[in-house]
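Here is what Swiss-Prot records for this protein:
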type	residues	note
BINDING	Leu122, Gly126, His127, Leu128	(6S)-5,6,7,8-tetrahydrofolate binding site
MOD_RES	Lys230	N6-(pyridoxal phosphate)lysine
SITE	His229	site 'Plays an important role in substrate specificity'
Amino acid sequence: MFDRAQSTIANVDPEIFAAIEQENRRQEDHIELIASENYTSPAVMAAQGSQLTNKYAEGYPGKRYYGGCEYVDVVEQLAIDRVKQLFGAEAANVQPNSGSQANQGVFFAMLKPGDTIMGMSLAHGGHLTHGSPVNMSGKWFNVVSYGLNENEDIDYEAAEQLAQEHKPKLIVAGASAFSLKIDFERLAKIAKSVGAYLMVDMAHYAGLIAAGVYPNPVPHADFVTTTTHKSLRGPRGGVILMKAEYEKPINSAIFPGIQGGPLMHVIAGKAVAFKEALSPEFKAYQEKVVENARVLAETLVKRGLRIVSGRTESHVMLVDLRAKHITGKAAEAALGAAHITVNKNAIPNDPEKPFVTSGVRLGSPAMTTRGFGPAEAEQVGNLIADVLDNPEDAATIERVRAQVAELTKRFPVYR
């Protein structure tokens, strides 16, 4: 039926092929600094493009609603076993299609509409799914938000006071734009003191945690959710780790609760990524991720920019642009013209609108994947500062773009 030689994307759909080729060129030619993006391996992509995409497999390994699942059972069980080993978890569900759906799965399993949850404020670095009023989590539940103190660290004392006052059923830890280490043990004690579950969303930090360069929340939390891309460098998807006592309700919440048939080709990609993350090379990579982020932040500070929280202890940093009298939206556009990709991001107590912002968020995972070290991280920091010092100067943009081209040529993503 299908001739592999003839059924190529280029032959079947030249328009899609052209868009893919253009995106590949963009990824090779631009320096990627969006903290939630990374480059996955050819092995992971091959798994995602395999015949496993053809197979329906409602249920779980050994308990499927379809026949012919003996081989996809092997794939899913390998993914489960590997991710449990990677993070030291008692149980795992690898079927969530995203980090948001992983969070929804925990909510669906353990909460009822109207229950009180407590999460980090989106305005202070949290995530939409931690109780934002525009998200399902903020519409279905009564939300209490904690945030940062005057030093721009998590205000654990205020969080404890809020928990004592409001008695949430579930406390959410984790962030999407917070650079310091989170004290998961302290948050677990707060949760225990009020009889709340603790759910940690480690989506941004998962790769660092797997390598032991960031605190592991698994020993302290009832549930730990994550994406499988970002710093973990796998396919786009989600995972829930949990204590064994919660495995049955979580599994039921994912299927049949909020999802149908799992994406077995993506689960295969997850399994491959987990195997890669168990390697010594992955630990060395994550150590470089943290070092590159530190060098990048220090370089920006030397050039007159402020890092929210004063520093980074992870892969990510939030840059306050107000001293340069430029918005996040304008900075994103200017840097993009120089082939440096970032995202505009609100800073704590940001006076600008969400589509404008006073900051940008930067991350080091992708540039580290392509081989950048501290010297390149310092160079990138100076290139960013050069653009932000003269964001409307065409000559500056052209000069920086030429230096970016030299860097990306030296360090290709896919050889």
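In case you wondered, yes, glycine gets a Cβ from its N, Cα and C as well.
Rounded to a whole number, the distance between the Cα atoms of the residue listed as 'N6-(pyridoxal phosphate)lysine' and Leu122 ((6S)-5,6,7,8-tetrahydrofolate binding site) is 19 Å. Secondary structure at Leu122 ((6S)-5,6,7,8-tetrahydrofolate binding site), taken from DSSP and collapsed to helix, strand or coil, is helix. His229 (site 'Plays an important role in substrate specificity') and Gly126 ((6S)-5,6,7,8-tetrahydrofolate binding site) have their C-alpha atoms 18 Å apart, to the nearest angstrom. Comparing the recorded positions His127, His229, Lys230 on other C-beta atoms within 10 angstroms of each C-beta gives the minimum for His127. In this view, the densest Cβ surroundings among the binding-site residues Leu122, Leu128 belong to Leu122, judged by other Cβ atoms lying within 10 Å. The residue listed as 'N6-(pyridoxal phosphate)lysine' sits 15 Å from His127 ((6S)-5,6,7,8-tetrahydrofolate binding site), taking the C-alpha atoms as the reference points.
In the three-state DSSP reading, His127 ((6S)-5,6,7,8-tetrahydrofolate binding site) counts as coil. Remark: Gly126 ((6S)-5,6,7,8-tetrahydrofolate binding site) has Gly119, Met120, Ser132, Ser145, Val172, Gly174, Ala175, Ser176 as non-local neighbours, by Cβ distance under 8 Å and separation of at least 6 in sequence. Cβ atoms within 8 Å of the centroid of the Cβ atoms of Leu122, Gly126, His127, Leu128 (the (6S)-5,6,7,8-tetrahydrofolate site) belong to the same-chain residues Gly119, Met120, Ser121, Gly125, Thr129, His130, Gly131, Ser132, Asn135, Ala175, Ser176, site residues excluded.
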